[in-house]
């Protein structure tokens, strides 16, 4: 694995990421959520993609793609591992969203190219990174109150907002993916909350990917 070449690709791609608002349809009619996981000991990459109406946030379509994993797990290079399955799920959608929430990092990445930025750039679609763990940068400790907020900083640059979406839950790291500003990324996530730790797009993507009870109930009601 030529990591030097991949690192150079990341730096080059990151320079093309658009960090300002460029939504073609604002407000959006459809928002997607995307989640990637692995099966069979990492041999299979699974990507789930859901479509929700906005502002009702009702699930109207979902697709799950499974493909052979083409790259080993290497921290800092996960987008190269996850992107092919995301693309496969994206291509199955009968209609394309105006905005995509990706479970993962956007520009809050050492080389400013997490999976949300990589996917958004390749598809030229507005994306937001909604990550559960910090990958780089520093932030001031948050209070325990829901709504507590702090900028994630690295080398004098704000990479994300660190936001406690729910009491007694770890915060989310919300960042520009592509064609969405940092502040707008936070605002869109806040508009898509319904009382859970995760915003509805990535919560539903996780539910579909893992066949959680909420998705099983949804299937039963939509047969």
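Counting begins at 1 with the first residue displayed.
A Cβ is built for glycine as well, from the same backbone N, Cα and C atoms used for every other residue.
Long-range neighbours of residue 103 (Mg(2+) binding site) (same chain, six or more residues apart, CB within less than 8 Å of its CB): 33, 34, 35, 36, 130, 131, 132, 198, 202, 205, 206. DSSP assigns residue 103 (Mg(2+) binding site) to a strand in the three-state reduction. The Mg(2+) binding site annotation in Swiss-Prot covers 35, 103 and is backed by sequence analysis.
Per Swiss-Prot, the feature site 'Interaction with target DNA' maps to 73; the stated evidence is sequence analysis. Under a cutoff of 8 A between CB atoms, and with a sequence separation of 6+ in the same chain, the neighbours of residue 73 (site 'Interaction with target DNA') are 42, 81.
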Within 10 Å of the Cβ of residue 35 (Mg(2+) binding site), how many other Cβ atoms are there?
29
